[in-house]
Amino acid sequence: MADAAIDTLDIAILGAVLVGSGIYWFKDRLLGSSLKSFSTTKQPLVPMQKPNAPALKINKVAKKTRDFVQKMKETDKSVIFFYGSQTGTAEDYAARLAKEGTQRYNLKTMTADLEDYDMNLLDTLPADHLAVFVLATYGEGEPTDNAVEFWEHLVSGEDVPEFSVGDYEDAEKPLTNLHFVMFGLGNKTYEHYNSVCRRVEEKLCNLGASRIGERGEGDDDGSLEEDFLSWKDDMWKSVCDFMGIDFLAGNSGPRQATYKIQEHTDEEVAELKKVYHGEHQEPKFMLGSRPTYDSKNPYSAPISVSRELFTASADRHCLHMEVDISGSGITYQAGDHVAVWPVNADKEVSKLALVLGLTEKLDTVITVSNTDPASTKLPFPVPTTYRTVLRNYVDITAPPSRAFIGQLTPFAPSEEASKLFALWGQDKEAFRIHVADARRSLATVLEKILGVGQTMEIPFDLLIESVPRLQARYYSISSSAKAHPTSIHLTAVVLDYKPDVAPEETVYGLATNFLHNCHGHINQIGGIVPKYEISGPKGSHLLGERGVKVPVHVRHSNFKLPRNSALPIVMIGPGTGVAPFRGFIQDRAQDVKNGKKVGATVLFFGCRREDEDYLYKDEWPELMKDIEGAKIITAFSRQPGVPKTYVQHRMTEHKELIWDLIHKQGGYLYVCGDARNMAREVNHKLIEIAMTCGEMTEEKATTYVKELRGRGRYEEDVWS
């Protein structure tokens, strides 16, 4: 019987394989009859086919290859723009450079996501081709998510990484054929400013590659766009010299569209397999497995808890939220980051639609496609609607770039508007005052130039091309997976403020106000402004009358507790900077319950007033009660009758304790919060403590603190 059973099972499996193979190999024939051709309808803002134009051909999509050199050969490209991007800015810059190279200098260019290609093929790029790297540095000198594999292969691995050929005249120089350009995006408030692009460049050169032109570096702490614009002109001169092109003869002809927009009739929509209403992409399943949730496929997590943390303020709000990750397969550790995917506020969508003349067409279904047949990547899933693009897929709330404002000049409806577009697009100071420092959204900028209620015919493909994709916002996780394995906690102040240069405007933090809307829905709180559509694609994020889901994913961080739990830690986290330390302390409290030895655990926390914004005040005693040597040291900057006190002042008062735990006992120091002021002050204070308690010179104390960082015993999770 056993043998017979096995034979039957074998036959069944073989039959299933044959059927599956048949479906796969003949899928084009099987599915071809269900595909319909689509005619187009006229759309006044976008160049399109006429109503009676021939049916749109549906081309077969070639199988995606990871060999970028082969793809460049097949599509006749000679310059490739690789990007390592976390928030979308590096990707945007790469796309802008690629388009400028094509339009102005007739270069044959393509853009490439680093994680989509095998970078060990760099040694096979022909010597007359060019690779351009646009690389952002994330956190404390870390590569972006999509650049991790490239980073580990090139920088973190062996001195001479393996490449595809393996047989070179000089084994130490496998990249002698490679010519490259480098631009980095970083933030000077961080210790490791632009370290990713610097280290990648150093490694490429050590391996025999040649840099073309000077390395460019942009500072995200205020001057990134200007740094980029001032660098690229000299870069193009060097590239033109290398490629044998006359720089001065660059073409400045009419704009070449990157995308085509096709509007669908109701009849065509009825034939479509799916219309996207905010989904990021279809989850990819392996046989017998569940989908992987990441930056390209977030998980819609139910909010299980949402409560207000500020106790005595009607104007300021701080949210504690817990999202349920049960059954998702998502894992995390204390110190990791949770990414929240917001949508744009309803007011911004309506205001921009009005300016563009799209108010009556917001729910029209459109398909976006590439004008270059060799390009297969689209900025978002299609078909979709105008409303969905403006609400879910492009960041219309962020100030538009100076380059984009300048590009709008030819479309201005009046001479006066044309002059303003040209001025704000060319004059750095005018742009800074009226756009950047005022933090005006695209719709508000257009209103300021055109006048309230006025419209302007901007090609929708230009908007898609020029406005960055809407990206996730990252928050330090405020829980421990040891204590809360099926939920992730986050702590966020709801941001709104009036810029100094435009006090008549109110700037709203995109994600925190989106979360505030979710909080209001859960707790039945009315009157929250601005209003966000939180229901998700076709209402899929609503759970009953009061439940709601938010799209999230986890980004793993190097901000971690020491492996040896017996070592002491000192944590400095004013305001919401305390978030990861709540997770750290939960982690250590759980270790104590599990019988592990836990070292001294000291938290410096600062806020305005003890009775107003002392976060988790009632939790700390219970969390710390079983941890030997655990204590919280507070600093209040607005406490009535008490001088302003900040965490760095408390560090001075407790300098002997800090020195004992860090220097004598080999402990770890952690800082979370504002990078521009607080984190710098803490660094200076630690140097002072080393000078005072360690009797060091300033030079030796500075070196000592740098060595703490180098050994991973002084970690920061900061933002500007």
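Just so it is clear, glycine is given a Cβ too, placed from its N, Cα and C backbone atoms.
Positions annotated as FMN binding site by TrEMBL: 85-90, 136-139, 185-194, ASP220. Summarising the annotation, TrEMBL assigns NADP(+) binding site to ARG316, THR576, SER637, ARG638, LYS644, THR645, TYR646, VAL647, GLN648, GLU681. According to TrEMBL, the FAD binding site annotation covers ARG473, TYR474, TYR475, SER476, THR491, ALA492, VAL493, TYR497, GLY509, LEU510, ALA511, THR512, TRP719. Sequence annotations record features per position, and here TrEMBL assigns domain 'Flavodoxin-like' to 79-236. Summarising the annotation, TrEMBL assigns domain 'FAD-binding FR-type' to 296-544.
Features per TrEMBL, on structure.
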residue: ALA136; record: FMN binding site; Cβ contacts under 8 Å, 6 or more apart: GLY84, SER85, GLN86, THR87, THR89, ALA90, THR144, GLY184, LEU185, GLY186, VAL196
residue: GLY139; record: FMN binding site; Cβ contacts under 8 Å, 6 or more apart: TYR190, SER557, ASN558, PHE559, ASP717
residue: ASN187; record: FMN binding site; Cβ contacts under 8 Å, 6 or more apart: THR137, TYR193, ASP219, ASP220, ASP221, ALA675, SER720
residue: TYR475; record: FAD binding site; Cβ contacts under 8 Å, 6 or more apart: HIS337, VAL338, ALA339, VAL340, LEU490, THR491, ALA492, ALA579
residue: VAL493; record: FAD binding site; Cβ contacts under 8 Å, 6 or more apart: ARG316, HIS317, CYS318, LEU319, THR512, GLY575, THR576
residue: GLY509; record: FAD binding site; Cβ contacts under 8 Å, 6 or more apart: VAL494, LEU495, ASP496
residue: SER637; record: NADP(+) binding site; Cβ contacts under 8 Å, 6 or more apart: GLY606, CYS607, ARG608, LYS644, THR645, TYR646
What whole-number value in Å do you get for the largest C-alpha pair distance within ARG473, TYR474, TYR475, SER476, THR491, ALA492, VAL493, TYR497, GLY509, LEU510, ALA511, THR512, TRP719, the residues recorded as binding FAD?
22
Note down the number of other Cβ atoms within 10 Å of the Cβ of ARG316 (NADP(+) binding site), including every protein chain shown.
14
As a test of the contact definition, list every same-chain residue at least 6 positions from TRP719 (FAD binding site) whose Cβ is closer than 8 Å to its Cβ.
GLY673, ASP674, ALA675
ARG473, LYS644: which of these binding-site residues has the sparsest Cβ neighbourhood within 10 Å?
LYS644
Which residues in the same chain, at least 6 apart in sequence, have a Cβ under 8 Å from the Cβ of GLY88 (FMN binding site)?
ASP395, PRO468, ARG469, GLN471
For a quick check of packing: other C-beta atoms within 10 Å of the C-beta of TYR193 (FMN binding site), how many?
17
Let me spell it out: for each of the binding-site residues (SER85, THR491, GLN648), count the other Cβ atoms within 10 Å of that residue's Cβ, using every protein chain shown. Which one has the most?
SER85
Lowest local Cβ density (other Cβ within 10 Å) among binding-site residues: TYR190, ALA511, TYR646:
TYR646
So what pLDDT does the domain 'Flavodoxin-like' (79-236) average out to?
94
